[in-house]
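Features reported for this protein in TrEMBL:
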COMPBIAS  A:125-134  compositional bias 'Polar residues'
DOMAIN    A:9-62  domain 'HTH myb-type'
DOMAIN    A:9-62  domain 'Myb-like'
DOMAIN    A:63-113  domain 'Myb-like'
DOMAIN    A:63-117  domain 'HTH myb-type'
REGION    A:124-152  region 'Disordered'
DNA sequence: AAAACATACAACCGCACTTAA
DNA sequence: CTTAAGTGCGGTTGTATGTTT
């Protein structure tokens, strides 16, 4: 159907935003209690930018709730975990990291995290050991990782719900279970359930489960325990030695560990 | 000191999806 | 139902900055 350009291209500015432009955009949005129509915003605000550019600048940089500064180790771990589940769905991943934008996460992934996975000998797309899916058949197979994983998710969800109802009277603080349910009920879980739906008919019980999350954590555990060629991948030692072997310090670590250590054989004893 | 190279990140582009007429 | 506008998203590029030679 052929899209028309979002704006007249002639005479509109491109490239980096100036402080003046930022100020105009921010004050316009503040004054009007929102951006309204992005398309008409530049004209109304007096900016020589297209609406798309304004939206991008606002959502990725000027929004007041944006958390700037370096990513924490926990955030990086979470991104890797979520990427294993969701793939390159940056917006969905960003929705689990308050104050972080999809663009920021995408940049982090492309500049740091992807390399780390490669250094660890993992395929950054499938989170499988590199070279394990050279067979073209495996390419199609890779798409079913989440399919195989969904039974575990579903089981874990049911377990968590049951456990939560048991514990709800005695716990006021965050537990593994409620964190799991929070994810399950979030966009991530929603996305996963979407996969579940579409793949439901193809679902077969599988004894082995080389799913992304499970195999990833296992790989990390074994690598950090045995690898002699860590080299530049300090990530392995610093992040995963601590996360895989030391005491968990807080609920977020615990929650992450829940995902990292997701069992590969439907053994849900970790929930007990 | 300067050129070459590498890295990080903001911004752009185009496609896909949603919604309203 | 069809069509086009509006918006969101992911891939990619351009440029500023840092590092190495």
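Glycine too: its Cβ is placed from the backbone N, Cα and C atoms.
As a whole-number mean, the pLDDT of the domain 'HTH myb-type' (A:63-117) in this prediction is 84. Taken through DSSP, the domain 'Myb-like' (A:9-62) splits into 31 helix, 0 strand, 23 coil.
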